[in-house]
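S.K.: Let me begin by handing over the structure; questions about it come next.
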Amino acid sequence: METKGYTQDGTVDLRGRPVLASKTGKWKACAFLVGYEAFERMAFYGIASNLVNYLTTQLHEDTVSSVRNVNNWSGSVWITPIIGAYIADTYLGRFWTFTVSSLIYVVGMILLTTTVSMKSLRPTCTDGICNKASTLQIVFFYTSLYTIAIGAGGTKPNISTFGADQFDDFNPQEKELKVSFFNWWMFSSFLGALVATLALVYIQENLGWGLGYGIPTVGLLFSLFVFYLGTPIYRHKVKKTKSPARDLIQVPITAFRNRKLQLPNHPCQLHEHEPQQYINSGKRQVHYTPIFRFLDKAAAKDGNSSKPPCTVTQVEGTKLVLGMLLIWLVTLIPSTIWAQINTLFVKQGTTMDRSLGSSFQIPAASLGSFVTSSMLLSVPMYDRYFVPFMRQKTGNPRGITLLQRLGIGFVIQIAAIAIAYAVEVRRMHVIRVHHIMGPKEIVPMSIFCLLPQYVLLGIADVFNAIGLLEFFYDQSPEDMQSLGTTFFTSGIGVGNFLNSFLVTVVDKITGGGNGKSWIGDNLNDSHLDYYYGFLLVISTLNLGAFLWASSKYVYKRETIEFNEGCIELESKALEISPLGLQV
């Protein structure tokens, strides 16, 4: 934009008017957003961290069913953002999609709080014998949960992306601030999760489930009020394409239609708009890359065809999505490992000595607070010390590349599951020594033996979760950044579904006939160590697949053209490091 003082990326206010860079966006706008993220994470983890215990102790489900239902719900929470992102990118925009979805989320929280508070909506127990939940009770409870999942579908992919929109990529100072945005955004997320795992799970088990769910519901309403106070200073991205996802269909179809055409000797002979057209539209031109060359035929010029070919920029956008899909596939196993925190790790903890002093019992789900604590400590260290140190060594503004960040996180995660396996082997040894057989017998082994695996998973997530969120936002085509962010959320969702599938299959195979199930109702007479060993093997194999996929990935290279010149982004896209990860 030529007018002095306005943002260069063409962002506007809620009424569609150009905005002044000095009075809008940046951290002063994000300050109104992070509160919502903290309270939403508090609500989500307040449910997810202890849901397996609620299902087994209040609805009286068996272990495998409760683990499966927790994973299915968590998976839905992380999968529905695909729909929310598509609606935002194609129809409503991020702000209005978030607005409608956040209201649905709050309705779900109110319903859930009502469900766990009313005795008529919970099964009753008489003389220690508990009735199974009625159909009405089950329907009401799961309707509440999945209403939250629907609301999350529109909030998760749009609130973080909307926050990133507050920084102008074409202002060097703001671009540098944006490097830290995702770190501190996740910091607020971790803070909400810490409150949930430390305070809410204790309140749920000792003061009442209704109070434990009611507190984050009130907090969520307050955070929405704060969010809308910041409306005058928010920046909104202008939608430059009617249907951003259309290219994902059009490019492969055109490439197939042109399959008999010969590709030119040089990429510059492929169809592309004149630079002036990008200047007029304010869109970014994406540079040619030599991967997925079968799609290049979509931009091949054919004088006999009445239909114009796709542009190189359109083709490269589709290549970006395919490349991200390749990386997405190798994040599914790490997401499956993450799913253990709110399921089997919690059930494992309930069998161990949870005493702290003479009378206080630590809720097993509270150990999840050490995941978030290690995250909260690691994020500032990563942002303030690790990044500047590595920036001096590599010259990369991020310190290390996004894929290198993911690779480090995956290695730490493998170490965490290896420790989980070793601890479980030790627990089984203690069980044999003390001849423990009953499902409610406490193993004389402190629950704090589980701390290392929780702490390491927290550190790994500073590399994994933040790295993935930034990677999929950064590498998405310009008009598909909400949809691109759903690669992050959907990977976690599919990982939860995959864990649900694995738990079910492993239980049926190992528990068939007279066999001893690896994941039975009685964890003191099961073989959870075998299951952790299985996860360790597939995680190691997946790391090899990640190294291969990352060696094939080519980072996005864009140019935004202005009348006074041009700015090129990601100019080091094709260099490759000795580890096979892009520089």
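The backbone N, Cα and C atoms fix where each Cβ goes, glycine too.
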S.K.: Under TrEMBL, which of the candidate ranges 67-88, 133-154, 485-506 is annotated transmembrane segment?
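M.R.: When 67-88, 133-154, 485-506 are checked in TrEMBL, transmembrane segment belongs to 485-506.
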S.K.: Quick one: find which recorded stretch in 95-112, 402-423, 443-473, 485-506 has the most Cβ pairs under 8 Å with the transmembrane segment (320-341).
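M.R.: So the stretch in question is 485-506.
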S.K.: Using a Cβ cut-off under 8 Å, which residues of the same chain at least 6 positions beyond either end of the transmembrane segment (181-203) come close to it?
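M.R.: Cβ under 8 Å, 6 or more out: 30, 34-35, 37-46, 49-50, 160, 163-164, 167, 211-212, 215-216, 363, 365-369, 371-373, 375-376, 379-380, 382-383, 462, 465-466, 469-470, 473.
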S.K.: When you scan the chain for residues with a C-beta under 8 Å from the transmembrane segment (209-230), skipping those not six or more beyond its ends, what do you find?
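M.R.: Counting only partners 6 or more residues beyond its ends, the transmembrane segment (209-230) has Cβ contacts under 8 Å with 29, 31-33, 35-36, 38-40, 42-43, 46-47, 50, 54, 58, 102, 105-106, 109-110, 112-113, 116-117, 196, 200-201, 203.
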S.K.: Have the transmembrane segment (402-423) and the transmembrane segment (485-506) got at least three CB pairs under 8 Å, pairs 6 or more apart in sequence?
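M.R.: Taking Cβ pairs at least 6 residues apart, the transmembrane segment (485-506) and the transmembrane segment (402-423) are not in contact, as fewer than 3 fall under 8 Å.
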S.K.: Residues of the same chain, at least six outside the transmembrane segment (443-473), with any C-beta under 8 angstroms of its C-beta?
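M.R.: Distant Cβ neighbours of the transmembrane segment (443-473) are 160-161, 164, 182-183, 185-186, 324, 327-328, 331, 334, 337-338, 341, 345, 348-349, 351-354, 362, 364, 367-368, 370-375, 378-379, 382, 402-403, 405-406, 408-410, 412-413, 415-417, 419-420, 423, 426-427, 430-431, 434, 436, 481, 484-488, 491, 524.
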